[in-house]
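Annotation comment: TrEMBL describes 779-796 as compositional bias 'Pro residues'. Taken from TrEMBL, the feature domain 'Cadherin' applies to 35-128, 129-240, 241-351, 357-470, 471-574, 566-684. What TrEMBL records for 772-800 is region 'Disordered'. Marked as transmembrane segment by TrEMBL: 697-720.
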Amino acid sequence: SFLGKRAISVKGQSDYAPYFYDNGPGSKNGNMALFSISEDTAVGTHVYVLNGTDPEGDPVRYGLMFEKGSKEYFRVDSKSGNVNLVQELDREIQDEISVLVSITDGRNKVVETVRVLVTDANDEAPKFQNLPFIVDVSEDAAAESSIYRVQAVDKDMGSGGSVSYILQPSPFSKFTIDGHSGILRIKPGETLDYETTPTHFVTVVAKDGGGKYKGRHQVLSSTATITINVIDAQDMPPSFIGTPYFGYIYEVSVPGSEIFTVLARDGDQGNPNPIFYSILDGSDGVFDINGTSGCITVTTYPTLLRKELYEIKVKVKTNASEIGLNDQLQAYAVTTVTVRVVDLNNHPPTFYGENGPQNKFEVTMREHPPAGEILRGFKITVNDSDQGANAKFKLRLVGPSRVLRVVPQTVLNEAQVTIIVEDAAGIDYEKGPTLSFKLLAVEIDTPERFSATADIVINLKDTNDNVPKFTSEYYIGRIPENSPGGSSVVSVTANDPDSGPWGEVKYTIYGSGSDLFHIHSSSGLITTQPWTSLDAEVRSKYNFYIKAEDSEGKYSLAEVFITVLDMNDHPPEFNEDLLEKTMIIGAPVKVEAVDEDAESPNNVIEYSIMTADPDNAFEINTDTGEIMLKPFIKSMEIVQNITKEKECRWSLVVQARDRGSPSFSTTAVVNIDITETPLKGPMAAFLLRSRDNPMKALGMVIGIISVLVGVTVFISTAIYMRNAKSNRIAPVRRIIKRRPKDQQPWTFRMPIIKFSNPADKFLIDNPELGLQQSSGSPWPKPPPPSAPCLPPPPPSNTRVSEWQRAVPTISGALVSRGSKKAKSSRRKEGNISSALVSELKLKLEQKINENNQGYY
């Protein structure tokens with residue numbers, strides 16, 4: 001027929017989507033994945049070749065698309081795949097371009113999103129910030145002091161983005177600039193003078209570190225002018241610095257000993273006037289002051305002093321003729337110096353080493369000494385030559401908190417200093433190869449509070465005290481199935497803070513399924529083995545362990561979970577391309593296709609009728625594949641009116657299509673014989689539903705038999721238990737009346753299903769109706785089930801007064817009875833299973849009553 005030829009023509013056809021070649025990083029041939037382009041590439045340059053193929057060998061065409069609103073930087077020749085640059089690139093504006101690349105064979109189209117990286121070229125010159133540069137500097141600014149900071153920014157990356165600064169040379173320049181920070185300073189030895197030069201102009205040059213641009217190396221620079229305005233210092237009278245003043249006289253002082261030095265400055269700092277010191281009052285003739293330095297000295301022995309406290313008024317003045325003040329008396333200042341006579345405390349604490357006084361102690365040791373250990377590399381003694389309370393002081397360490405402690409903490413005159421480890425974790429080479437502390441000795445209970453300081457330096461030696469640690473306890477990777485060998489899956493990282501070989505980490509991989517993967521021993525990149533081809537239909541989940549190990553075998557573990565992503569690479573398949581089905585009017589027939597893909601929606605199938613002869617007679621459930629006649633077709637008369645074929649054999653082409661992307665489909669020709677079942681009722685409906693599955697009907701029969709046998713055993717056991725209990729009080733002599741041997745047992749015979757003709761699958765063999773099984777049937781007739789046999793019945797002359805002893809059971813087979821009318825009436829009362837159980841129960845009760853009357 002025409003439909004049969006059409007089915008042969010489509011048999012075995014499949015159409016696979018084209019795909020791009022994956023040529024790996026650095027390649028300029030493939031799908032533009034991992035492709036990068038320098039921003040100085042000229043417009044019109046050929047930069048890439050899109051390259052792919054079609055599994056069926058059909059010619060392919062290529063395409064490029066860009067996101068809406070973005071520039072179209074590339075253009076592709078659809079036939080050759082040659083990609084040219086059509087827009088000028090600027091990494092500083094856009095450093096990444098999103099491109100949609102496509103490949104099509106005319107029927108199927110594959111679109112992929114790739115990101116093209118724009119690499120840097122040295123095309124940007126440094127640009128100064130915050131222009132113009134105008135600086136105001138007081139004329140009394142000290143030499144080498146910083147007065148301003150210039151800043152320039154270069155948008156390039158790498159050396160092309162680094163900026164250094166220089167000043168254009170000038171023979172009279174008083175300034176210098178730091179090449180890295182851009183801080184402008186006054187040159188060493190130079191001073192500013194407002195009267196000589198009130199304004200300075202300095203030209204600063206900012207240049208980058210250089211880089212390639214269009215194939216050649218270039219260095220770019222910018223210049224700016226700094227205007228420096230010198231500010232004249234204000235004219236002010238002199239003033240004392242550091243007030244209030246306190247001085248002390250000790251008992252060992254001699255005439256001429258320095259007590260205190262006062263300090264005053266003229267207000268005109270740019271051009272200071274000479275100042276002079278003098279004592280106005282309070283010296284009692286025992287103190288003197290140096291007129292130019294301000295140093296106060298004692299003129300007699302302290303033992304001759306009559307007071308313990310002196311208040312000396314000191315005056316400082318300057319020459320007012322240069323100040324411009326009207327009254328010369330205004331060009332002076334007065335302060336008070338308080339002098340106390342105290343007992344001798346003229347020896348501060350002093351630290352000693354093996355060779356005398358020492359203010360720095362150094363030792364080299366391994367990291368992480370145990371807590372409580374004494375650092376024996378130090379030999380420190382502290383001493384204060386004073387006596388009594390003046391020789392009492394405290395020791396303490398200043399540095400990282402609670403790492404070390406010093407013993408003793410309170411010292412009188414002299415002590416051996418011991419340093420003890422308090423926190424071993426704080427002495428860690430990875431936190432710093434050197435630990436520095438300050439050891440302080442500070443007097444207590446003295447007004448002077450003399451002190452001494454020594455530097456404690458600990459140089460640490462590294463040990464292998466760290467285990468490599470992964471940045472995560474587990475890593476998750478995903479890879480499409482059928483990816484080529486060597487494809488990247490996931491990258492893992494472990495860190496070991498130890499130095500040298502101890503800090504070098506080596507990665508290994510092991511566990512179930514790990515033989516399909518490879519890990520780079522130093523980078524931690526996990527890839528598939530070169531020979532590996534993963535298939536989600538075979539296995540879609542892998543997990544194994546990775547180890548990070550240092551040179552001494554210390555290691556840590558992490559777990560890797562890899563998911564193989566299912567791709568739609570299997571079309572749906574029917575069992576046969578030509579299916580033969582027998583359809584009973586009012587019941588559907590089912591076709592089924594299988595898709596070997598692993599996941600939804602790739603393995604979800606939708607069914608549809610492509611063509612049918614005759615048209616508009618069938619409909620199909622798109623999800624289950626059940627084919628049924630249109631609702632208006634309810635009898636064979638309607639069927640025969642639709643078609644001219646007397647055999648009522650119809651054909652249709654059914655398509656099974658999966659829901660993957662791209663979607664695959666296949667077709668099969670279904671030949672359907674239309675017939676009409678003679679059976680009615682629930683049993684017929686069940687047989688219609690299970691006609692394509694004979695094992696289901698057989699299972700139903702076995703289930704009914706099992707229920708019957710179970711009921712029989714339960715009733716027999718109950719009767720036996722009751723009779724056994726009554727035997728304990730029955731008389732010793734018993735006569736049991738047995739059933740005559742010629743009594744025929746009743747039998748049960750199940751209907752038999754015939755399979756000689758597809759339309760006869762649902763006919764029931766019933767001897768009483770005259771239906772005979774075809775001799776040509778390939779299925780053998782199963783034997784009828786039988787119940788356990790009953791024991792012989794007791795004699796009829798039983799005595800009612802005695803208790804029963806026999807265990808009655810039932811044996812026999814059920815026979816099919818009555819006509820079709822009787823069968824239909826039984827179906828109306830219930831299904832076959834309930835009818836059989838009811839009949840069996842009735843027979844059983846009759847036999848029990850009969851046997852119970854047989855005891856006498």
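Here the Cβ of each residue, glycine as well, is placed from N, Cα and C on the backbone.
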Secondary structure content of the domain 'Cadherin' (35-128), with strand meaning DSSP E or B: 0 helix, 45 strand, 49 coil
The domain 'Cadherin' (566-684): DSSP-derived helix, strand, coil residue counts: 10 helix, 50 strand, 59 coil
The domain 'Cadherin' (357-470): DSSP-derived helix, strand, coil residue counts: 10 helix, 58 strand, 46 coil
PLDDT averaged over every residue in the domain 'Cadherin' (357-470): 86
Counts by DSSP class (helix H/G/I, strand E/B, coil) across the domain 'Cadherin' (129-240): 4 helix, 53 strand, 55 coil
